[in-house]
Amino acid sequence: MMDSGAHFCNSCGEQVGLDANGEVFVACHECYFPICKACFEYEVNEGRKVCLRCATPYADRAKDNDETKAYENQSTMAAQINVSQDVGLHARHVSTVSTVDSELNDESGNPIWKNRVESWKEKDKKNKKKKSAPKTENEAPIPPEQQMEEIQSSEAAAAEPLSTIIPIPKTRITPYRIVIVVRLIILGLFFHYRVTNPVDSAFGLWLTSIICEIWFAFSWVLDQFPKWYPINRDTFIDRLSARCLNAHFCTVYARYERPGEPSQLAAVDFFVSTVDPLKEPPLITSNTVLSILAVDYPVDKVSCYVSDDGAAMLTFESLVETADFARKWVPFCKKFSIEPRAPEFYFSQKIDYLKDKVQPSFVKERRAMKRDYEEFKVRINALVAKAQKTPDEGWTMQDGTAWPGNNSRDHPGMIQMPDFCKLATKLLKEANVEVFLGHSGAHDIEGCELPRLVYVSREKRPGYQHHKKAGAENALVRVSAVLTNAPFILNLDCDHYVNNSKAVREAMCFLMDPVVGRDLCYVQFPQRFDGIDRSDRYANRNTVFFDVNMKGLDGIQGPVYVGTGCVFNRQALYGYSPPSMPKIPKSSSCCCCPSKKQTKDVSELYRDAKREELDAAIFNLREIDNYDEYERSMLISQMSFEKTFGLSTVFIESTLMENGGLPESADPSMLIKEAIHVISCGYEEKTAWGKEIGWIYGSVTEDILTGFKMQCRGWRSVYCMPLRPAFKGSAPINLSDRLHQVLRWALGSVEIFFSRHCPLWYGFAGGRLKWLQRLAYINTIVYPFTSLPLVAYCTLPAICLLTGKFIIPTLSNLASALFLGLFLSIIITSVLELRWSGVTIEALWRNEQFWVIGGVSAHLFAVFQGFLKMLAGVDTNFTVTAKAADDTEFGELYMIKWTTLLIPPTTLIIINMVGVVAGFSDALNGGYESWGPLFGKVFFAFWVIFHLYPFLKGLMGRQNRTPTIVILWSVLLASVFSLVWVKINPFISRADSSSLSQTCISIDC
């Protein structure tokens, strides 16, 4: 039973009120969902007789007119809510400013917004009655039995979940956890032995090894325990049509897609970002755009925004060609259910394309489409060839005017919107901007509508901070909010195409679920890659991270955001808290000095939580549309939204629409002006963009920061791994490019470590980030510092071999057992991890190898660059990773681009090889007693060499020059065996050998 404290309706925001018995009105006795009697009767009259939260049918109630009148005479919501003086940017509610000012009240004292909402409800009822009137005249009434069957079937369909959690079987996960605990105990005993048994003859080496091993153990704990609760998930796409999201109230159970009716699936805005078309070839970007336009989703729900942060005319012209080719490609894909829907990768598949294709016209149309695509490639390549040499006067467009983006660092904002062709001339005269308009081909060759495609290049001027990719993504957030305002956003890198046309539906199974999706900030898909060599020499696939670590995080608070292949809840990007999360009460106390102020009771916390949801009902655009300009500007300025979101009334109004969409009375001319305004370079000044909302600034790895901030507010994320990979991309398989990519990631982690957003101290208020999730984020920003002990540890074997000393004393039986137990626990942990995750042992070994390669090269440089940036303010430029490949298969894999990142691992390989040779020389000269200690030192050295072997192979080897690596190993082996040969020459008899030694003694040789 609900308590008697003040509770507020989840629909209108008024007090729930009392029933005829003087108790708090309760509509649903199953979950006690707060709803007032007026809204309850409205729901019942509209035919929605189930609870909005738990879908339990409402109990029959007699309508009490007197109680309804009493409800109408209750005091207003605004007069009852105490204005909060300290509301963070995360808070969703709008109670920071009182709405009971005289200017916002009518003559009777009731707030204007309440009258607006009531009048709107009355109009809505009348409109619905008008629409239903002719139907009731022409159609016979439905029998009550049939109505009951329909209600029961809809309720049964609503009860079916859209996704399910598949836990790891206990037979696999329980032994895994036991071994982790056992390994932790063995580690404690091992360090006890190591600390209590110093090596006096090599105290410096021993102390260095102890420090390194303790750090490695700490890193293992950070990496291991977030994998304590791994889970799998499965989706039911076919059940999507069993639910519907209502724009006025919480959730109404109906069907998403009925024959002959508009689809009720949520709209999605796709973001594709590109910078340099010479490093990110336009053909790859075009394939990504084509795969988006052909996605299996209602076309009126899909919009694709392409951000050209380099303002390159090549990108724009290639996008125009892409839009034209899409008129043929999209209907072909949908007609024959093509997968994947990126033509370059579809036509390059080495499979039987006739499989499951029964249409007799398929072969003919496929050949014609392939021919059309080859012609499309010729046109794109011609544009690329023309762009290799920039004219002295700059680029000009077809009409003879200069391209505004000739100076990529100083140019106006540019938007291409086919739907606003009539406004082009007028806008160009009124504003210092460029609006480029493509062909009128909003339909394909069969006359069907195509998804909207928008070209965006934000304004850039000298003297402004543009924040690279994060700034470009935030510009797209604002532009899309003004033009389409889809409730969900899917961002992709330009080289990541849609490999599974149903990927959006997979994400909707989570985001549109009224239970799972309520507190969901994003759905992250794993990254999969094409064009990687068979052995994955440099661990480009990151299989261990995407198939092991991310599954573990999914069982806690959700996976981290990895920068691409992610579907966002737009409201989460705006810095709002989850709907079900109570606001953190203001407190001046700390954890050790509690405040003397009395804490709020449950009813007050509940009221604060409901405040955060009121803006969707009060300031929904359908109500705000009825305000005049003065009232609207006053509301927005009072809410202090301008300090948060910037000076755009249209954009601010769009942030208050939970379910997205544009107002019916929206003026296209106003929208395009606002779209241009929100991408101006000075728009974000003195706002919360990049600080609390949108993609967060302050690191080159903006993805980690953005996801971290969301989960600190209490949001959850979900990891979706469909059987067919949702997205696929390209990865730098060249050694130098791969190391530079890892350097950028590591540098971003170091920047976060030195920022105020460091997980070691940020986000503790409210306890919304779970501890295991915090450990995972700490691991993401601490791992580059492992390079320092790793370089020292990889140097120790060579030093030990050259000096004849060792870091471990003579082993006792107990010490031998500890070492053996430690090695066995490491092996068993890996085997059990492979068992529950499905990762191959080769992928695990490649991951271990590249952990060492990246640790002694890119991570080391990232740490030093981070210190330089913090201490001296020396910033590093972000280098775009080249996406193009050699003409030959894996040709780029064997290219050598010399960089300073290659020096540390090369040095470690050389000194360890020299140490092995020196060690064997000393053992041969020292007799049989020297071979025992040599074994441990050589094993240690070969551990380093084997882990660096892919680096050595990439540095020296090539398929048609494999003897290079053979010669290198031959030199090492020849040196060792030559020394052995001199010592034990088998062609000299024992007698000759003894006489020769006596002779040598006599002559003192």
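We number each residue from 1, going along the chain as drawn.
Positions of Cβ are set from backbone N, Cα and C atoms, glycine also.
The annotation region 'Disordered' is assigned in TrEMBL to 115-154. Residues annotated as transmembrane segment in TrEMBL: 176-195, 201-222, 782-802, 814-837, 849-868, 901-921, 933-952, 964-984. If you look up TrEMBL, you'll see SER273, LYS279, GLU280, ASP309, LYS468 marked as UDP-alpha-D-glucose binding site. Here TrEMBL flags LYS469, ASP493 as Mn(2+) binding site.
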Are the transmembrane segment (782-802) and the transmembrane segment (901-921) close enough that 3 or more Cβ pairs fall under 8 Å, when only pairs 6 or more apart in sequence count?
yes
Using other CB atoms within 10 angstroms as the count, which residue among the binding-site residues LYS279, LYS468 scores least?
LYS279
Among all protein chains shown, how many Cβ atoms are found within 10 Å of the Cβ of ASP309 (UDP-alpha-D-glucose binding site), not counting that one?
22
Would you measure the largest Cα separation among SER273, LYS279, GLU280, ASP309, LYS468 for the UDP-alpha-D-glucose site and round it to whole Å?
16
Top stretch among 176-195, 782-802, 814-837, 849-868 for CB pairs under 8 A with the transmembrane segment (201-222)?
782-802
How many other Cβ atoms sit within 10 Å of the Cβ of ASP493 (Mn(2+) binding site)?
24
Could you tell me whether the transmembrane segment (176-195) and the transmembrane segment (849-868) are in contact, taking contact to mean 3+ Cβ pairs under 8 Å with a sequence separation of 6 or more?
no
